[in-house]
């Protein structure tokens, strides 16, 4: 419902279908290992989270939870459609919906245990992964950075807290609030999905 | 005559100033400044113009008279006081002009009502007109804005300032749009205006038949370029959103290449006489050479500067000099080959900045920033004043039709160009440009001194109508700066254009920006599409792997951007904290109403493998965290997950007392380095709070041999780090003194081995603390060694 504006055009579907076939080696379903073989992903610090996102039922818009072992083209396309840019002439309401949907995608990537909040541990994990290429220095500072970030969220969302009170974790609403400054709906998009003309599909030696 | 002038001025100005009491004082100050100005003008007016100036001669005569008197009494008296103005004439005049410009700037800001209505550039031009008028009244020829002076001395500081502080992210995101406006827009303007003017000139009734097509095209190309100086001057005051700012400003910078090429092209053609298709083709090639060549030259000098800055750790004082000289050399080198000097300067500044900032000290950074701002401000002021003076001075040839036609065509061309280009550009943009944006872009196309100087450079032999061109250009400049400059601010308010957001970048946003970058790159890879995220990522990796290693000194080269950002933020907050009185008021940036205890869940602790981390680094990081993150309370026990409820007051008290005693001893030693006094002995809770919030307190202990208590103890932020400290101490070395158990953080960590390790690394710590506080005179030189980003 929320992603109606994010539907992809026919040509783009054809191109993505080709790519799907390529990755899954002409099978009907895609597995994690197929995605892991993409060479360019090797240097990406958050590749595991990205791959997980494809297999996360929460992103399939069918109100499911948990993860699956393999996905079909429909799910692949659904996940891809999160990265479509909003159309130009949409109402403020629709824009808000799109923003929520995209932020929900990001939230799901962080909230690995699906309890509805991003706890400090999960957030630390995120920052550590981001800095995972920096060795030991990264790991130590990651803790500090994650802590500082959590503090900031708590301060912004909840305000003054007595020492006995306890901040469980970042809920989705808080997440929306702190990322208000980033215009997610325009930043989180792939240009490829925007072009109406057919774009070549790179052949990867797998 | 002086009295007459001043009284005339006095009569004019008070009328504008409403005779209310508060304004009266400001008005009188302005009059004072003006009086100073007139007073300083008198020798100037006498001095400028032909050598052997009048005043000089007068004073010489006086002196001769004295001498003659002296001669009567003695044969040859030693000239006690002699005057030789000619020696110092040039620097004296230049200084007077600069002083005049600065005093004027001062004057304007003393009258806030005026400066809020009229942009500074207008006021400065008016002052220039006045000064020019005064000089003319005195009977001397007012100086004109020499093109050499303008291009070699006045323009580079402004451009360097713009290039060094260019917001790279927005610039590259909108590069396509900017290039479209700069290249295609300027070309369109040039040919439209040039062509139509030629058409007008051919009309009967105007005696402009002598103006041939090439001259018109040349004129059109000169006048169609949006001027960065004028744009900066006006846009700086209206604070519009970053997108529009970067679009108009970027366009004004990049269209220099187009202007240079067209200018030289048409100048050559005028000399040559005939044009062929080959020439046109060569023109296009020339454009590519000029722009890309300029960028390459700038980039080379930028890399050289970055490389040089890698070795300046021992000579911090001349670091800013390298930056300035390399950039200036880039500009001049580009000018040697008739490449675009502006683009070279921008490229140089933008390329060297990330590397230089990682290498230079904090003070050098401040120096560079303030010098650039100062020079560009002075240049900017001088340019506008000279523009006014040149208007009075310059030979004018007023031709109603030509001037009016120029003006109308310029405006029309700009509007049409913007609308047309936006229509095309919006097809490729994600964030489309609305009609409000288009209006601001069109309206912000101000012309300025570059156009004037370029026309001034024209050879009157080849261009007999040069004076007419000058007049027309001045009119257009005046119109855009006065009318458009003055009205853009109310229009921006009227149209409710989005203003610049003053929010600070939060750490969450930074984390997620990076996260998004990686996510999008990953998705692109999965799609198999090599989009611009992919290439950006590749560039970043290349940068990190090879370039940073060469150009950044020492450890900093491995620091990822997130950590650098974090350190910068913490450093800023630390400085704020200290400046705000050492913890009595915490900076609002990090509202510390929440402390870590609120966030830590009561989960069993996990075992972590110890990373190999240099102790100094760890200490540094902890220091940063501890001094800034929150008003720490000594709720240590709640972090020790074994005990859910504990009263830390009793446990912590002994340690606090010991600590305080130690601190007092240390404080005596370090007295001259600190501005924040040691906390007095008061009740435990107050003492704790004060200790916790006092950033100075923590740093002292690490300096001495005394087995000091590590501060992490009292900071409940990082339980894991607390554990790490324990393990560190247990691991390598035997702690001197008592050993405590129970997950307590109060550990006396010193041992031979540790201390040995620490001594070289300890250097940064006291220096770091000193950097935060106001260092005593002896500490000055050591301070410099601290790199800008610790």
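Cβ coordinates are placed from backbone N, Cα and C, and glycine is handled just like the others.
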Looking at B:377-394, B:503-520, B:521-538, B:539-556, which one is transmembrane segment according to TrEMBL? B:377-394
Choose the correct range: of B:281-307, B:308-334, B:335-361, which one does TrEMBL annotate as transmembrane segment? Give that range. B:281-307
B:615-642, B:643-670, B:671-698 - the one TrEMBL records as coiled coil: B:615-642
Looking at B:29-47, B:48-66, which stretch does TrEMBL describe as transmembrane segment? B:29-47
Stretch winning on C-beta pairs under 8 A with the transmembrane segment (B:377-394) (pool: B:149-166, B:212-234, B:438-457) is B:149-166
Given the transmembrane segment (B:281-307), its same-chain partners at Cβ distance under 8 Å and 6+ residues beyond its ends are 254, 257-258, 260-261, 264-265, 322-323, 326-327, 329-330, 333-334, 337-352, 355-356, 359, 550-552
Look at every Cβ pair spanning the transmembrane segment (B:149-166) and the transmembrane segment (B:212-234), keep those 6 or more apart in sequence, and say whether at least 3 of them are under 8 Å. yes
Can you work out which residues elsewhere in the same chain, 6+ from the ends of the transmembrane segment (B:469-492), have a Cβ less than 8 Å from its Cβ atoms? 117-119, 121-122, 125, 219, 222-223, 230, 233-234, 237-238, 240, 387, 390-391, 394-399, 402-403, 406-407, 410, 440, 443-449, 451-452, 455-456, 458, 463, 499
Where among B:178-200, B:212-234, B:400-426, B:438-457 do we find the most Cβ pairs under 8 Å to the transmembrane segment (B:117-137)? B:212-234
Quick test of the contact rule: Cβ under 8 Å, at least six residues beyond the ends. What residues does that give for the transmembrane segment (B:178-200)? 171, 206, 208, 211-213, 216-221, 223-226, 246-247, 250-251, 253-255, 257-259, 262, 401-402, 405-406, 409-410, 412-414, 416-418, 420-421, 424-425, 441
